[in-house]
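K.L.:
Before I ask anything, let me first share the structure, which is written out below as structure tokens.
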Amino acid sequence: MDDSPLQVLTRPTAPYPDQRPGTSGLRKKVSVFQSKKDYLQNFVQSIYSSIDLLDRQGSTMVVGGDGRYFNQTAIEVIVQMAAANGVGRLVIGHHGIMSTPAVSCVIRKYKAIGGIVLTASHNPGGREGDFGIKFNTANGGAVTREEGTGGKGPAQDAVTNRIFQISRTIEEYAICPELRVDLATLSKQTFDLENKFKPFTVEIVDSVESYANMLRNIFDFAALKELLSGENHIKIQLDAMHGVMGPYVKRILCEELGSPANSAINCVPLQDFGGQHPDPNLTYAADLVETMRGGQYDFGAAFDGDGDRNMILGKHGFFVNPSDSVAVIAANVFTIPYFQHTGVRGYARSMPTSAALDNVARATKIELYETPTGWKFFGNLMDAGKLSLCGEESFGTGADHIREKDGLWAVLAWLSILATREQSVEDIIKDHWQTFGRNFFTKYDYEEVDLDAAIQMMEDLELMILEKAFMGQRFAVGEKLYQVEKADNFEYTDPVDGHICRNQGLRIIFTDGSRIIYRLSGTGSMGATVRVYIDSYEKDPDKIFRDPQVMLAPLVTIALKVSQLHERTGRSGPSVIT
């Protein structure tokens, strides 16, 4: 290495108006980051500038991504700018790859001031795909901005708004353009800079090991090893969908817990996820679903691009709805040693998620929180010692061991339940329904809808359901009759800091407890995604095993009729049904 100090430059730039982070950071098409001059540099500088110089000077930050196209290019810029902005040390995953749960784990382990995660989560990758960048704070949690948030905001909102405001007025950024880091070698690399800051250090770490060590302290690995490789072991199939989870699955499930190597598929992270959509649901993980239907495997799971989401399947392709998944884990929470030691402080679910978890909380007399969509609300409750286990219908499940949803944690939680109960996935779920009743649940996603049409539809729908005449209105579909008990735009007051979040989704609640919910989502990079959620509780033992789509068909009919969704969006049906 040349002994002369590396030059730090300040380069002029001009702001872009579209760098407000959404629910999962700044997410755009790769072409936006590549074609717009200094687009990435502007946002990265806005992140660094949002942190007070005294706080970032000499501090530690974590960087990792899901391996998608543009990941390594972005990391080089982030490293060069970190050095120029006074950050003392960066901890980066080997080859620049680190799952979102592992980033949260490593931030907390190193007591870093935050971390930068490069991911567009479950969105497609490659040159024509999406790229995303988000900032996680010192607690390991993501900084997000919920569309429609009103009133006072939590600390994370203040950070997000600061980043956005800086991006709107930015005039220059600092960079050390000659600095080159070797991401391929596990090492500590030190650089001398031509400025007042101390030497800059980059540590390339085995992110799987830090994360695996955390899991060893949560689960009974001996019991899991017996389940996966003992005399009467079960057969599993885990699909990493060519995302970041491949190395984690191979190391932890196969090498350490003894599951055969062919238990894990699509485990090589690819920049375009093999041309597939790395979203673990019945539509995009269709190959795994088909394999599981063959009956060869007892347990199956799939993960998304950055490893925070999961889908659970039983033998013959038995699908575990994410709303049921978190409820079953809650009902069997003490099969996990971590909770035997910590106890359970509370449960939480996002508002659109079915009320299956509520039934467990009520039976066990544990506090249940209903929050807006967005993991930061769970993190706020966790930091205040109010929450232990939580989940959301969009295939996210987690606990207070970190401040992100955690796909592999959810899989090990399920395997812990299987090891203790010695039943199949399907039998565990059916026992749960017989004990607590069943919340039939479905979600219709309409992706890349014209934004203006979607906004107008939501505005008109809100005006209609908030009229006094809508209260008490009856809807008859076949033999079913539903009467409106309540309709609103969901509002949340955080029990920790009192901040108020408004406009979190339109709800129609009927007298029997059934719900229809409408939301606009900001996780895509084009247009809008309209989401319609249907939730209906049933405790009649003769009905709890029926097909959800059949049971919910009358409510779906009402949901589409009331909103005129197909007419207003020009769609004949949803992109994805969960």
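Glycine residues also receive a Cβ, built from the backbone N, Cα and C atoms like all the rest.
Just so you know, TrEMBL annotations are computer predictions that nobody has curated.
Keep in mind it's a predicted model, so treat the numbers as computed, not measured.
Here TrEMBL flags 1-25 as region 'Disordered'. According to TrEMBL, the feature domain 'Alpha-D-phosphohexomutase alpha/beta/alpha' maps to 19-146, 210-315, 323-436.
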K.L.:
Using DSSP, what's the helix, strand and coil tally for the region 'Disordered' (1-25)?
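P.N.:
Its residues fall into 0 helix, 8 strand, 17 coil.
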K.L.:
I'd like the per-state residue tally for the domain 'Alpha-D-phosphohexomutase alpha/beta/alpha' (323-436) from DSSP, helix first, then strand, then coil.
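P.N.:
Reading the DSSP string over the domain 'Alpha-D-phosphohexomutase alpha/beta/alpha' (323-436) gives 63 helix, 16 strand, 35 coil.
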K.L.:
Report the mean pLDDT of the predicted model across the domain 'Alpha-D-phosphohexomutase alpha/beta/alpha' (210-315), rounded to a whole number.
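P.N.:
Mean per-residue confidence for the domain 'Alpha-D-phosphohexomutase alpha/beta/alpha' (210-315): 97 out of 100.
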K.L.:
Over the span of the domain 'Alpha-D-phosphohexomutase alpha/beta/alpha' (210-315), count residues by DSSP class, listing helix, strand and coil in order.
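P.N.:
Going through the domain 'Alpha-D-phosphohexomutase alpha/beta/alpha' (210-315) residue by residue, I get 42 helix, 17 strand, 47 coil.
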